Amino acid sequence: MPAAWPPRTVIRKSSGLRTLESALYRAGLGPVAGVDEVGRGACAGPLVVAACVLGPNRLESLAALDDSKKLNENERERLFPLIRRYALAYHVVFIPSQEVDRRGVHVANIEGMRRAVAGLSLRPGYVLSDGFRVPGLPMPSLPVVGGDAAAACIAAASVLAKVSRDRLMVAMEDEHPGYGFAEHKGYSTRAHSAALARLGPSSQHRYSFINVRRLVMDGEPEEHGEVGCGKMLVDMPVDGVLHEGQLSR
């Protein structure tokens, strides 16, 4: 029986994105799935979680893979169809804002990771998650701090989640005009705060986030910066899922 944890390979940042996965494959623990999320800090829109399995060999077509936050929009859009083409399996899960409110963002994140892994058409032998331990998986797993910059399968999942969520937020602009979702993607900006104060929260906003909840409670928007949307105040379920072959391009 293979070991539950990867061999104690020394992984240096300069080693490249495939080093950890390669060690797992050599130990007989493949296929290796990476899982990552996008949208934890947004106060509107879904939390999106992706799982992705890449083959054991490095592909030149995916050489530009990196943490999706380090890639610009054009780079992510170029990689998105390539990942879908060359991945052995992938699965993208959308956790709606109502479920984030009901469960709390961390619990919703972990549940989303479980769903994403469970939805893969190829059962992984090992799962690498970005930063968080994912209890309840039926296979061994390892949280990797900064995983989207340390493992190719996590980086691929990061790009799938980011592009899927960004496209959804752009489409959401037509359904909820005036909030600027196409620009800020549901994250907190001055323009978003001004729209919230003017229009009030939409059905896509997370009422458990303090800056949204305060508008409901007393009509006063919270002052905040550009990157977060305030802390959660409380710990509902329709689940959207992107399977292989869905979402154009």
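Including glycine, each Cβ sits where the backbone N, Cα and C put it.
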Divalent metal cation site partner of D36, E37 (as recorded in Swiss-Prot), chosen from D130, D166, D174: D130
PLDDT averaged over every residue in the domain 'RNase H type-2' (30-221): 92
